[in-house]
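Engineer: Dropping the structure in here first, questions after.
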């Protein structure tokens with residue numbers, strides 16, 4: 001679920017931080033820049049693990065700050081495909097079951113990846129697994145807040161870098177705002193035995 005990623009960046013340290021230890025100042029600046037941010041095709045950055053190498057620091061004309069090229073390792077949330085994770089159901093919609101890990105919410109289990117047969121209950125706004133038994137079908141509800149075990153089957157990165165407005169957007173009114181896309185999304189599946197709500201598989 002978590003991986004160590006080697007990165008290189010140039011860190012600017014302002015003059016009023018020169019009295020501090022260089023490593024402490026660099027660690028603080030790197031966490032300010034990266035923590036809780038998604039790096040494209042890398043994952044969700046959590047925190048600095050360690051600094052592996054510091055190159056020479058430079059002070060440029062007109063800027064009293066020091067600029068240091070830093071080699072470091074960062075803890076990143078990036079589960080591998082087919083990894084089994086446990087989260088909580090954040091909500092349900094016709095698009096599927098939305099799952100949260102607490103620190104990461106952009107997880108979707110689409111209808112075709114649920115235990116089958118499944119149906120969406122419009123009144124309750126929940127997905128239901130119509131579990132077949134010898135006595136007939138039993139409705140097992142996927143309620144909000146329930147713990148759910150799922151398999152990671154796909155991931156999607158979206159480049160959300162800011163772009164300038166196009167000429168068409170500039171002339172149109174701002175009535176319809178574009179839907180904000182998540183920069184990093186996981187797709188899950190519970191369509192196999194042992195996956196789904198933990199309460200389904202625990203003996204009472």
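Cβ from N, Cα, C; glycine included.
Those TrEMBL annotations? Automatic predictions, nothing curated.
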Engineer: Quick one: which of 137-157, 158-178 does TrEMBL have down as region 'Disordered'?
Structural biologist: 158-178
Engineer: Helix, strand, coil residue numbers for the domain 'RNA polymerase III subunit Rpc25' (83-201) per DSSP?
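Structural biologist: In the domain 'RNA polymerase III subunit Rpc25' (83-201), the DSSP-based counts are 12 helix, 55 strand, 52 coil.
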